[in-house]
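Engineer: Here you go, one structure.
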């Protein structure tokens, strides 16, 4: 079905232009009449959802819990719909929740076409900055539409239709975003897998998703080396069961062409040259937009399924309400498209809201140096940056005084957001000092697709919250701290972080082909709640402190000690640049904490001296109950591509147990180095 844009303009929110809606406002979560709302760059959207005081945050959070249908129905008016929804919230079959039932939309239209129809086609949609290829490009909304609509035509020509899956195996290039949007345009379900991901893991995901087409690129570029994607893909297809009908290959410019397999492979440029543009295909609100596989799973792959309608509503709302951005401002999420941050806040979120998104093919250090982030912020006039604490630590480790950043003027830079792992106070304070903007930690998960807790600065939350917190509950997320018996804990008591159902729009609707695991993993331990599997506590003001995964709570002689709390204490000692704490088995206490530390470059003291000081420091800040006495010093910690430390793997290594190095680890050789250090320490 080809959409009528006149119809799309007239059918928005949950009703036709000026027409009364069937059903009561309380059921529909809306006023009795509505007018078309096609949000443009100049529009303010829902006034009450964009600016305000701390009191406004409280009002919004209370409303989202008391009457979620009305609250999110109002937010959904900012998205264009082909067909009105008949019910805002359907939760008859818990734990599953459906939002905007029977409503029809297209997220690609909302992210691209509607801005052009609003006269904003020449505005910049994507800034591509690739220090690894020495390339910079600005791409307008019109140019994105031209590429995306043609690519949609290419996919349709190859037999891809609504509901089919497409695997995307590409580096951080604009063509990856075009492919995501092209799939969304025709109702195909994309599954984006890291470019350069190991063949075995790639094969598992291809077999599970069963894509009609795989879209890939010839090469990825890492600092100092090229990654050949085609041999990795060929090996994945050789060892796997599923065979895609076609493999579409984008050959990167100024690099050698890769040979095509006759009858299967297609050349991107050749297909695009003869492609016909394709219109958007309306899909139901609950239609899966994408499958995103999470790492470290056993058995069936854990493919998070994202419903289209709720995701579009939530992401658009967060850009103003959480991140405080106005349409047209430049936003940079320094992540990878393969992570949920890349899906939500490199691709869909900023484009839905009419922002310019920075696509950065580089690293915080080494491309070429620790001044890279400062350069990108200054050159492109970035208003807000979202990165992981590990990126900040890497910059600090190489350039403790941020001397390389001082040459850049960050006149438009307003806010730095961090997430992906717990941000220690030392890193937070250093970031504030060198970037000279508020630095706000927030917390969310692949499953939720957007923040669970944050400082919602668009709703008037403080830009100077207490150190160590990860924000307050985002409207829609009714977070509680429970013990293992489902009893609510008092302020500052460490417990299980859970979310009272229903989950708000945008949260996952299931696991691909594995709904039993969806129910068992997330909803059985605490009936009526979503189990985040994280541990933490809330203070008296409602700020959440996420300490560690539940598995990372160390039981020391019956005392539950958060590994994250010890890490923060160690990092606050001036000699340590990075740290991971794991529980080491102990015949007397059950477990004792062991710290793996990376020292700062300018430390002159001996390791024995440093250890003595750190032990004393931890005893002063946490107390003798932590039983902290041991640390080893390593040159580097293993990290995933999203900057997370694989603590369960390190725990197995430290305790002499078999361990598996997941393919998301950037440098697996570090485990061998740590093993050697541990042997010498015994």
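Every residue gets a Cβ built from N, Cα and C, even glycine.
Among the features that Swiss-Prot reports, transit peptide is placed at 1-29, with the record citing sequence analysis. Look at Swiss-Prot and you will find 222, 223, 224, 225, 619 tagged as CoA binding site. If you look up Swiss-Prot, you'll see 420, 421, 422, 441, 442, 443, 444, 445, 446, 534, 549, 560 marked as ATP binding site, on the strength of similarity to another entry. Marked as N6-succinyllysine by Swiss-Prot: 513. Among the features that Swiss-Prot reports, N6-acetyllysine is placed at 519, with the record citing a large-scale study or a structure entry.
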Engineer: Per residue, counting other C-beta atoms within 10 angstroms of the C-beta, which of the recorded positions 442, 513, 519 reaches the highest number?
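Structural biologist: When each Cβ's neighbours within 10 Å are tallied, 442 tops the list.
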Engineer: Roughly how many angstrom lie between the C-alpha atoms of residue 222 (CoA binding site) and residue 513 (N6-succinyllysine)?
Structural biologist: 34
Engineer: Between the binding-site residues 223, 224, 420, whose Cβ has more other Cβ atoms within 10 Å than any of the rest?
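Structural biologist: It comes out as 420.
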Engineer: Work out how many Å separate residue 420 (ATP binding site) and residue 223 (CoA binding site) at their Cα atoms, rounded off.
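Structural biologist: Roughly 23 Å, rounded to the nearest whole number.
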Engineer: When you rank 422, 444, 446, 513, 519 by Cα distance to residue 619 (CoA binding site), which of the recorded positions ends up on top as the closest?
Structural biologist: 422
Engineer: If you pair up every Cα among 222, 223, 224, 225, 619, the residues annotated as binding CoA, what's the maximum separation in angstrom, rounded to an integer?
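Structural biologist: Across 222, 223, 224, 225, 619, the two farthest Cα atoms sit 45 Å apart.
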Engineer: Measuring CA to CA, name the entry from the recorded positions 223, 224, 225, 513, 519 that ends up nearest residue 444 (ATP binding site).
Structural biologist: 519
Engineer: For residue 549 (ATP binding site), which DSSP three-state class applies?
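Structural biologist: Strand, per DSSP.
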Engineer: About how far apart, in whole Å, are the alpha carbons (Cα) of residue 446 (ATP binding site) and the residue listed as 'N6-succinyllysine'?
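Structural biologist: Answer for this pair: 17 Å between alpha carbons.
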Engineer: Just give me the nearest neighbour of residue 422 (ATP binding site) among the recorded positions 223, 224, 513, Cα to Cα.
Structural biologist: 223
Engineer: If you draw a 10 Å sphere around the Cβ of residue 444 (ATP binding site), how many other Cβ atoms fall inside it, taking every protein chain shown into account?
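Structural biologist: For residue 444 (ATP binding site), the 10 Å Cβ neighbour count is 24.
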Engineer: Among the binding-site residues 225, 422, point out the residue whose Cβ has the most other Cβ atoms within 10 Å, with all shown protein chains included in the count.
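Structural biologist: Per the Cβ count within 10 Å, the most buried is 422.
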Engineer: Using DSSP, would you call residue 222 (CoA binding site) helix, strand or coil?
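Structural biologist: SS state of residue 222 (CoA binding site) = strand.
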Engineer: Relative to the Cα of residue 519 (N6-acetyllysine), which of the binding-site residues 223, 224, 225, 442 has the closest Cα?
Structural biologist: 442
Engineer: Can you grab the distance from residue 513 (N6-succinyllysine) over to residue 223 (CoA binding site)? Cα atoms, rounded to a whole Å.
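Structural biologist: Just about 37 Å between their Cα atoms.
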